[in-house]
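K.L.:
Here it is, the structure in full.
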Amino acid sequence: MALLKILYYPDKRLRKIAKPVIKVNKAICRIVDDMFETMYSKNGIGLAATQVDIHQLIIVIDISKKQDQRLVLINPTILEYSGKISTKEGCLSIPYQYSSVSRSEKVKVKALDYYGNNFYLEANDLLAICIQHEMDHLIGKLFIDYISPLKRQRIHYKMEKLARMKLREKNNLIK
């Protein structure tokens, strides 16, 4: 397994729309395994392939404290939404930034698993929120798209500043 490079906002590749996985094979399984390793290394609970510059409909999730309840969603589709819940969200692609977002409290999802088998899942609360958040990534949408323009602009400014600092650090290491 390998750590993948996470894209950070405002990288335009985060806005790309992912394409369906044609066949679940060893290459797709390797991507899934690498995505889990990457997500766990950053203490995340969900990661969409778009966030690691792979534009295929792949999501990995593990909301357990022990990181032992891996959920793989390949070519996911939400069939039903119900209820409303508002919670503070963060994102591995927008580190250290959090904002309250309103989403459906329950979802019913159809997807392929790690082995390419169809399955259905009814999720609620944190798992439902995480699924919706990660599925947004697959269509080029970020949690900050749900917040006010002023808050979004503040986050944009902070992320640009962080990118400049990282670039300076990188340039200083090269010299």
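Just so you know, glycine gets a Cβ as well, placed from its N, Cα and C.
So TrEMBL has the following annotated:
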type: ACT_SITE; residues: Glu134; note: active site
type: BINDING; residues: Cys91, His133, His137; note: Fe cation binding site
K.L.:
With an 8 Å cut-off on Cβ-Cβ distance and a minimum sequence separation of at least 6, pull the same-chain contacts of Glu134 (active site), or say none.
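P.N.:
Looking at Cβ-Cβ distances below 8 Å from Glu134 (active site), excluding near sequence neighbours, one finds Gly46, Leu47, Ala48, Ile59, Ile61, Leu73.
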K.L.:
Tell me the Cβ contacts of Cys91 (Fe cation binding site) under 8 Å, same chain only and six or more apart in sequence, or just say none.
P.N.:
Tyr9, Gln97, His133, Leu142, Phe143
K.L.:
Using Cβ-Cβ distances, find the residues under 8 Å from His137 (Fe cation binding site) that belong to the same chain and are at least 6 apart in sequence, listing them in sequence order.
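P.N.:
Once residues fewer than 6 apart are set aside, His137 (Fe cation binding site) is near Leu14, Ala18, Ala48, Thr50, Gln51, Ile59, Ser93.
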K.L.:
Within 10 angstroms of the C-beta of His133 (Fe cation binding site), what count of other C-beta atoms is obtained when all protein chains are considered?
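P.N.:
Result for His133 (Fe cation binding site): 24 neighbouring Cβ atoms inside 10 Å.
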K.L.:
Setting Cys91, His133, His137 aside, what same-chain residues sit with their Cβ within 8 Å of the center of the Cβ atoms that define the Fe cation site, listed in sequence order?
P.N.:
Gly46, Ala48, Gln51, Glu89, Leu92, Ser93, Glu134, Asp136, Leu142, Phe143
